[in-house]
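Everything on this sheet refers to the single structure shown next.
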Amino acid sequence: MRALRRLIQGRILLLTICAAGIGGTFQFGYNLSIINAPTLHIQEFTNETWQARTGEPLPDHLVLLMWSLIVSLYPLGGLFGALLAGPLAITLGRKKSLLVNNIFVVSAAILFGFSRKAGSFEMIMLGRLLVGVNAGVSMNIQPMYLGESAPKELRGAVAMSSAIFTALGIVMGQVVGLRELLGGPQAWPLLLASCLVPGALQLASLPLLPESPRYLLIDCGDTEACLAALRRLRGSGDLAGELEELEEERAACQGCRARRPWELFQHRALRRQVTSLVVLGSAMELCGNDSVYAYASSVFRKAGVPEAKIQYAIIGTGSCELLTAVVSCVVIERVGRRVLLIGGYSLMTCWGSIFTVALCLQSSFPWTLYLAMACIFAFILSFGIGPAGVTGILATELFDQMARPAACMVCGALMWIMLILVGLGFPFIMEALSHFLYVPFLGVCVCGAIYTGLFLPETKGKTFQEISKELHRLNFPRRAQGPTWRSLEVIQSTEL
């Protein structure tokens, strides 16, 4: 609680979190969820547009194909954005990268807003690709920016705010997409274009806030700018100790250049970090949480929830993830990262198993549908308290300043690739396994919990230098000398 009070007292840091989040991971969650409400309206618009051009309506299977393209272009854009994030973070800095990233949102909002008037569903497709690029960049750079700007005792909580804004974006998108608001047949272009609002808020607020002190000192070599940023972020406290830590980290990175993504896989000194990033990053996307959202509507419908009320029940699922993200942010610096990950995956295994049994027994015992409905909420709560937020800060905490942008690129690209694969494969898994569709996902949850327990070191309350030393000891258990991956040549550039 002392750390939480310090966060509240550090008003500039709190404002930085809000400004980065509203135009960052909030956009990811918001654009992920708002596309669900106008599904039928956009399909009708696509069919009508095609008929106006050719004189013939589109066959049903082609309408579905067009819709699948509109949905799938979002994660594809996210993949491009993730690959763009590393070079942007190094060339422009963390803060400027987030600001420049809004170009994609503004362009997409214009395309969405005028798509119906122009009679072009292609504008919707291009807009979805652009908001995907925006999400891919922000999902990587925001945790990096906030993790580098926070003091070590608040680093986990501050970085976890990315998960809070993602969940908040999902809920806000579900609310704005209600039929009573912008989810109607006439307002859907405004619904899609509403992503401009959080982008405008970030453009108005983030320029007034400081850049990452670590970037200013280690990448730019500007001690005065670093000290000025620290003074604004920390207030009137003593900065000597933190500045000394930053100087030590700068000395450790002296003579090094920024790592390229493929170089992370070539060095034994980064073996455990990269393995943890790949295993736990894949587990977060393959654990079945996104599939729970996809399956929720049918479970609520079978449980007797009126069709008109299902949209409100879906908002409840998003609210669960938001609630647990807030709880996780509060407790992460008390219980640590490992406990949240192990506990989250273990609880997901438990609730997923009960959910599978409930689906199998629904024909014999109708009341098990209510049990399945409860398991959906419990599964989402368990995901939100652990994997949803903690996984996102691994790239920031496990890698040093020179490897961090490349690690974020790898983590982000992996996340979007897995999201695409799950989106493509889930319908076939559902058809092939029926009520047992969650068995593969449960296996992933078990593996995630076991890997965390055996191989992931705790980073709570440690400086980046302390984390690097511990990981070096784990990667080279029989050797005590300094890291072997440092270059002897002094390289001024940090270009990827």
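Cβ coordinates are placed from backbone N, Cα and C, and glycine is handled just like the others.
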>> So one of ASN31, ASN47 should carry the feature N-linked glycosylation site according to Swiss-Prot; which one?
In response: ASN47
> Any idea if GLY241 and MET430 are on the same membrane side according to Swiss-Prot?
Replying inline: no
> Given pairs 6 or more apart, does the transmembrane segment (339-359) have at least three Cβ pairs under 8 Å with the transmembrane segment (62-82)?
Replying inline: no
> Are the transmembrane segment (62-82) and the transmembrane segment (409-429) near each other by the rule of at least 3 C-beta pairs under 8 angstroms (pairs 6 or more apart)?
Replying inline: yes
> Under a criterion of Cβ-Cβ distance under 8 Å and sequence separation of at least 6, what residues of the same chain contact ASN47 (N-linked glycosylation site)?
Replying inline: PRO57, LEU58, VAL63
> Going by DSSP, is ASN47 (N-linked glycosylation site) part of a helix, a strand, or coil?
Replying inline: helix
> What stretch in 12-32, 62-82, 98-118, 312-332, 365-385 has the biggest tally of Cβ pairs under 8 Å against the transmembrane segment (129-149)?
Replying inline: 62-82
> So what's near the transmembrane segment (158-178) in sequence-distant terms, Cβ-Cβ under 8 Å and 6+ beyond its ends?
Replying inline: 7, 13, 17, 21-22, 24-34, 36-38, 139, 142-143, 146-147, 149-150, 191, 194, 198, 311, 314-315, 318-319, 321-322, 325-326, 328-329, 332, 384, 388-390, 392-393, 396-397
